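Engineer: Below are the features I grabbed from TrEMBL:
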type	residues	note
BINDING	G11, A12, G13, K14, G15, T16, R128, T137, Y138, Q201	ATP binding site
REGION	31-60	region 'NMP'
BINDING	T32, R37, D58, L59, V60, G86, F87, P88, R89, Q93, R162, R173	AMP binding site
DOMAIN	128-164	domain 'Adenylate kinase active site lid'
BINDING	C131, C134, C151, C154	Zn(2+) binding site
Amino acid sequence: MINLFLLGLPGAGKGTVSEQIVDKYHLTHISTGDMFREAMANETKVGLEAKSYIDKGDLVPDEVTARLVEERLGQPDIKEGYILDGFPRTIVQAELLEEITKKLNKPLTNVISLEVKEDTLVNRLSARFMCKKCGATYNKITKMPKVVGTCDRCGSHEFYQREDDKPEVVKNRLQVNEKMNTPLKDYYQKNGILSVVDGEQTPEKVFESVDAVLSK
Ligand code: AMP
């Protein structure tokens, strides 16, 4: 059983490598960012609560986020393990996660930190756009849809740029996240389950490195 936490700044490539891991290992991908975006689109209570934070690039409060994760991890479709993407982002969240996973008997087995320079991240995020219907992620420079104007995954023709990928917000978002990642890395280093992967490599090489860690 692999229960993985992928640690990395926005734009580090967590989404892309998650898709590759899911294909090979059949893990359930749990992205708190995706869950919040879905909740906002459906205007649920959590979505409305989260929106004011997300639109500014700030973090949603720990209790709201942890509740969302606990509900998701408790669902029965998680049989072969999970990938957490975007959670935990703080030490408090890491401690909450430990409690949650202990209760559910699904402890983390691996933490992989995907590391990319800030300049690369800013460039990647400002070129990023999403499918309006299914949320698939593309990039104007590195990952255009196979047929221009048509989503590879769902065939829709409508795309948008995430509010929090816009240049005025990206810098704040990166800074907020950077400050938080360092203590998290230390936390999992001490736990002995941390591996570091160079996220500047091509997507294929990134996956090879991640795969080498997971198949150990
Ligand atoms: P992401 O797609 O992971 O960049 O998440 C988008 C936004 O959702 C973040 O900028 C936060 O506002 C919010 N969010 C996602 N995950 C968390 C988390 N673990 N804790 C707090 N806020 C989060």
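Backbone N, Cα and C atoms are what each Cβ position is placed from, and that goes for glycine too.
Show me how these features fit into the structure around them.
Structural biologist: DSSP assigns Y138 (ATP binding site) to a strand in the three-state reduction. Long-range neighbours of Y138 (ATP binding site) (same chain, six or more residues apart, CB within less than 8 Å of its CB): R128, F129, M130, C131, M144, P145, F159.
Counting only same-chain residues 6+ beyond the ends of the region 'NMP' (31-60), those with a CB under 8 A from a CB of the stretch are 14-15, 18, 67-69, 72, 85-87, 89-90, 135, 162-164, 169-170, 172-173, 176, 180.
DSSP assigns F87 (AMP binding site) to coil, not to a helix or a strand. Within the same chain, residues at least 6 positions away in sequence whose Cβ sits under 8 Å from that of F87 (AMP binding site) are F5, I30, T32, T65, V69, Q93, L97.
Counting residues 6+ beyond its ends, the domain 'Adenylate kinase active site lid' (128-164) has Cβ neighbours under 8 Å at 11, 15-16, 34, 37-38, 54-57, 170, 173 in the same chain.
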Engineer: Determine the binding-site residues, out of G11, T32, V60, F87, C131, C154, lying near ligand 1 in the sense that the CB is under 6 Å from one of its atoms, and give them in sequence order.
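Structural biologist: Checked binding-site residues vs ligand 1; flagged T32, V60, F87.
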Engineer: Roughly how many angstrom lie between the C-alpha atoms of G11 (ATP binding site) and V60 (AMP binding site)?
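Structural biologist: G11 (ATP binding site) and V60 (AMP binding site) have their Cα atoms 19 Å apart.
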Engineer: With G13 (ATP binding site) as the reference Cα, tell me which of the binding-site residues V60, C154, R162 is the closest one.
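Structural biologist: Of the binding-site residues V60, C154, R162, R162 has its Cα closest to that of G13 (ATP binding site).
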Engineer: Looking at the binding-site residues G15, C134, C151, C154, which has the shortest Cα distance to R89 (AMP binding site)?
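Structural biologist: Its closest listed neighbour, by Cα, is G15.
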